[in-house]
Structure formats: C-alpha cells, structure tokens
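*Asks:* The structure's right below; bear with me while I get my questions together.
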C-alpha cells in the first residue's frame, strides 16, 4: 500500500510540475502564434474524421503528399473530441514523464533493491532535471507532441532490455520488443535515437541482445502496422537524404541546428561575460549544444566527471557496466552528431535526453561513494535551475505583445469561420495559420509536403521574395483555385507580397494579418 501511495504521489507531482508553467501562461491554453503542437492536434482530428485510421494524406493541405509521419500518438488523441484534446494537451508531457517517474522509483526500489530514500532521490533528480524546462525547445508541458511519448517508449524498451541482460527473464525481452515496436509507430526522432543507440550499445556491451531486441521490435512493428512502418521508414530516409544534401551544400548554414554545435563559441565565453551578457545567456539556454549538455543535464555532467576523473568510484556490478556502455553510446552519438558532417541528424543533445533517466538510476547506485554534500548540492542545483528555467520561460512568453498578437490571430480565424466557409487560402509567407485554419475552420490551405520533383511553381513557395515566386504566382493561384491570400503584416519587407496587396482587394485587416480576395484573378498581371 505504501508503494502504491508513493507512486501515485510521484506521478501527480510530476504532472503538476510539468504543467505548472502553462498554468501561468494564458490559463494553460496553448498560444496560437507558437509551437508546432497545433499540427499534431490537427492530425489527430484528421484521423478522428477518418474513422480513427491514418489517412493517405492530410485532406485540407492542398499540397499534401503521402503521409509518412508516425501516428500512434495521434491515433490515441483521436479518441477524444477537439475540445477535450485541447484541454488535456498541457498535461500530456507531464503524464508521460509521470509514468517514467513511477517506473524509475519501482526499478530503484525492487529491481536494484535500493532503500526508500535513495529511490526517492533518483526520482527527484529526474523530475527536476533542468532540461525538461529548458528554453531550447520550451517546457515539455508545451509539447502536446510525440516527443515525450517517444522518450517514454524508449525508456521502457531500454529498461526492459537491461532487465533481460541481467536476469534473462523471458517476459522482460518480450515486453522490451513490444515497447520498441510501438516506438517505431510513435516518434520519428525517438525511433532514430533508438536505432543508433542500440546498435552502438550492442557493440560496446558487447552483446547481441540489444541488436536482437532492435531487429525484433522493427519486425513486430511491420507486422502490427501491416507494413505502414516501412512506409514511414522510407519517408524518414528520404527526409534525411534531403537534409544531408542541403546541409552539405551549405543551404542551411544559418539554421539553428548547425549554429548550435559549435566548440569555438566556448572559447568566446570569457569575452561574452564582459561584453554581451545576452549572447552568453542565449548560448547557455538556447543554442550551444555542449553548454546545454553540461548545465541543463547535470546528471550527465556528473557521470562524465566521475568517468574521467575517478572511474574506480563506479560500483563493480553488471548493471553498472550495462548503464556505463549505454551512456558511452549516447555520448559518442552526441559527439558524432555535433560535427558538421552529421549535423543533419538533428539536435545532438536530444539523444542525451533519451538516456538521461538511466543516468539518474546510475547516480543512485553511486550514492555510497558520493559525499552527502555532493548529493545535496546536485539536488539543489537541479531544483534551482529547473525553477529558474520555468520563471524565465513564463517571463519571455507572457507579455502584452504576445496577448495582443493572440487576439489578432484569433480575429482572423473568427473572420474566416464566419465569412469563408470551405474556401481555399494561401498564407504568404508560411506561418502557423497554415495549421490553425484547417484546425479551427473549414478552410483549405496551400500547404503541405512537396517532392523534389514538384513543379517550379510549387517550389517557388519556399521563398516568396524570389523572382521565381513572382513568375509563378498567377499559375499557383489559378491551379489551386485560391479564394483568399493571407499576408503577414511584415509584408512590407516582401515586395512581391506588397504588389499582391495592391492588386487584390483587402477584405479583412488587423495589425498582424491582411486577408485579400482573389475572386477577380483576371486582373492579376505578372
């Protein structure tokens, strides 16, 4: 009974702490102008309208090609209506992390046979890990996306694999394979991390067990999804190939991912301390992968310290070796993805996020060799930075400008809902309205994934400032029978869009967007 009550308390505490920043922001509601969560909520609604089945493409994206996104998370969300789905979204990240908290406590208490105090300490390290409220992606509570769900399945699959390696339990490996199979249908990035980490982990152990679990999980996923996972895999590989070519050709040289993995910025830290505190803050919280690893994930920093300084402090246990090799696999992948050559594989620290819960377990094992002062300081640091991250996030997001912008975006959606039933829209340049219009209204949008062999007219949408867009805009509007153009208020910096505003009648306007009617397309000229 005591274990059950503690588990419920830990679960509730995790959900509350993850959702707490959201409760200070717009009363828990998701802002309309930020976050890609709206895409996932919209996809869940699309699946719901398709009788809880994955559609071939998103029906109200006029440029939508075959859907290759892992949709298990969205299928689950499709079983609640739109109002309920929007209401529970702030708590989804905390709910999944709450399950991890309970599993960590039970694993520490009964699998590792640690005392109650140590088990509780391990869970506290996870709950108050600063990266869960880091500013590089926003708090997990803002992410009603498959990201945290994928990390939960990764955690369960690897934890059960470790249990099989140590105990040989048949039930453990079967459960690990099931969790891994669900992962391939749940999260694209987590499945990518799962493949890379388990392949390297199998080599470092050395053991065929992680490799067997990986292959078996994928085969079971193929069987359960009736081949859809293979469709996802092909789309994922094609996406990575496109990203790799673009990165290697320097097309994304100014994008966040390539700007994050930079060692040379570490050398400039002393100079920033005296000349540019804003840049220093930005590096620690948002951009520099290495600083995020060291300061936002302190459990990994502590592991690295002991690994390099005093490896003899590691308990000589089979579990220690399994966890140690798992962390080394994660760190090696982190280093590899931090290079310019492999930066197209995503944000390097996100691979470390997947193994960090196990690092909390590892530190629990090391508590006998750690001083009480070190343990206390680690927990104080984690809690302090966790709270600071939350306060900073709320401060940055909750301001008058954000609230006004929210109202302006809502007014655009209200106008569309009342005056443009089932009409077609071109949002130029692309903004979050491409997702909000299909989710909140009956409208269609000139948006979606297009192929490399798409027409030049479609490709010109990537850059509305380009000459190509000016040349093809007439054919785009006519081919897709666009009824309205929605232009950002910043269109003054886009001569092409300013020209459109002169040629079409403005039917609605506020400080954020202008809506232009395309009913008289014969007056458009190149």
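Here the Cβ of each residue, glycine as well, is placed from N, Cα and C on the backbone.
The transmembrane segment annotation in TrEMBL covers 92-112, 118-137, 149-173, 193-224, 280-306, 318-339, 351-370, 376-397.
Set these features in their place in the structure for me.
*Replies:* For the transmembrane segment (118-137), the list of distant contacts is 6, 10, 13-14, 17-18, 21, 97, 100-101, 104-105, 108-109, 143, 147, 285-287, 292, 295-299, 347, 349, 353, 356-357, 360-361, 363-364, 367, 375, 378-379, 382-383, 385-386, 389-390, 392-393, 396: same-chain residues at least six beyond its ends, Cβ to Cβ under 8 Å.
Listed as Cβ neighbours of the transmembrane segment (318-339) (distance under 8 Å, sequence separation of 6 or more from its ends, same chain) are residues 112, 158, 162, 165-166, 193, 196-197, 200-201, 204-205, 261, 289-290, 293, 300, 303-304, 307, 345-346, 348-349, 351-352, 354-355, 358-359, 361-362, 365.
Sequence-distant contacts of the transmembrane segment (351-370) (same chain, six or more residues past either end, CB-CB distance under 8 Å): 100, 104, 107-108, 112, 114, 118-119, 121-123, 125-126, 129, 131, 151, 154-155, 158-159, 162, 190, 193-194, 196-197, 293, 297, 299-300, 302-303, 306, 313-315, 317, 319-320, 323-324, 326-327, 329-331, 333-334, 337, 378.
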